[in-house]
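S.K.: According to TrEMBL, the record shows the following:
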- 79, 90, 188: Zn(2+) 1 binding site (BINDING)
- 90, 125, 379: Zn(2+) 2 binding site (BINDING)
- 210-308: domain 'Peptidase M20 dimerisation' (DOMAIN)
Ligand code: GLV
Ligand code: MN
Ligand code: MN
């Protein structure tokens, strides 16, 4: 089987681990589908001669030891959770590419000086516990042990309880000392239209946008939908709707590519004939410039606060704040040199999506590659990337990993 075929087969196999068959990939962290994917990845790691371990977050590591004692590892990987009804490529494509790099090391019996570690990270999307980038933030310590344990899903199940349900140990160490990491490499689908439109198979990511996520709660008063006169209502949903309808204008006014989205909304008690007394919704704000991001955050807060004196209680909790990140220039230059040597056309690109790579860039040298996304679509069942493009990523990362782990080429 060719490399492309192997990659395609694995994407198809993983896409079966979904809670919504026929309606895209829904793989929430610590769910049954997580467990099936996890077992698949651990088996593959073992097949490629890697030593498998999980940390106290449920991140998976497959390690090929190096010859230098206690040397830091070159990490390659991505996440394996998904958004609700998402695609088969966002995350797993990067893990499969990393596994195929390890397979080439095994096939060619390469012995590195520095260890090579394949990583499969949890909860990048934040679909179950909110915030996102949880596997990497826990690893670098920007999400503390206590904050991790406090997180609950929408049904009130805590992270540690959910881990125990699939047999994971939430009490294992989470934080990893930066001195144990030499570099982090991630391949991801672009999730936008640029590479396809330019007909270029590889994007070398130079920078990742800043992003923040707020969880807004509006509390009013419940009441009977038929008997409460219109002028005596404190309807939390009507207020939430008024706020949400004004958000796009704030991003447009800010300009410079600033974007804002409300994608999740919970209405309580959620009965057709009950005036809602509570609404909780997400606000996701992104921009290439931190000052734009901060400006919009304060305008959103002002807007929400303005309903305080109208009988509503409001809060806006910041679940995530990540400033824009520039990735390692030397690794980017190396990836361009290797692509040119392999005859693979490339261009520089910036990422509008958040990635674990941005978290690791605070503690280590990070390199990131994009491959084209069909019609620029992502976070939907139609998401698709060509396995041949993913195979290019394997070739580039294989050459790069050989250099970074200082394989003895005899
Ligand atoms: C992850 O896909 C994100 O950008 O939110
Ligand atoms: Mn995503
Ligand atoms: Mn992703």
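Each Cβ is built from the backbone N, Cα and C atoms, and glycine gets one as well.
Bear in mind that TrEMBL entries carry predicted annotations, made automatically and left uncurated.
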S.K.: May I have the list of same-chain residues other than 90, 125, 379 whose Cβ is within 8 Å of the Cβ centroid of the recorded Zn(2+) 2 site, in sequence order?
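M.R.: Not counting the recorded site residues, we get 82, 83, 86, 87, 91, 124, 127, 191, 378.
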S.K.: At 10 angstroms around each C-beta, which of the binding-site residues 79, 188, 379 has the fewest other C-beta atoms nearby?
M.R.: 379
S.K.: List every residue in the same chain as residue 90 (Zn(2+) 1 binding site), at least 6 positions away in sequence, whose Cβ is under 8 Å from its Cβ.
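M.R.: Those within reach of residue 90 (Zn(2+) 1 binding site), by Cβ under 8 Å and sequence separation of 6 or more, are 82, 83, 125, 188, 189, 191, 378, 379, 383.
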S.K.: Taking all residues of the domain 'Peptidase M20 dimerisation' (210-308) together, what is their mean pLDDT?
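M.R.: PLDDT averaged over the stretch: 97.
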S.K.: Helix, strand, coil residue numbers for the domain 'Peptidase M20 dimerisation' (210-308) per DSSP?
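M.R.: Split by secondary structure, the domain 'Peptidase M20 dimerisation' (210-308) comes out as 39 helix, 31 strand, 29 coil.
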S.K.: Validating a neighbour-count step here. Other CB atoms within 10 A of the CB of residue 125 (Zn(2+) 2 binding site): how many?
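M.R.: The answer is 24 other Cβ atoms.
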S.K.: Within the set 79, 90, 188, which binding-site residues show a CB-to-ligand 2 distance under 6 A?
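M.R.: If the test is a Cβ under 6 Å from any atom of ligand 2, the answer is 90.
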S.K.: List the residues in the vicinity of the Zn(2+) 1 site, defined as same-chain residues other than 79, 90, 188 with C-beta within 8 angstroms of the site's C-beta centre.
M.R.: 78, 89, 91, 92, 93, 94, 124, 189, 355
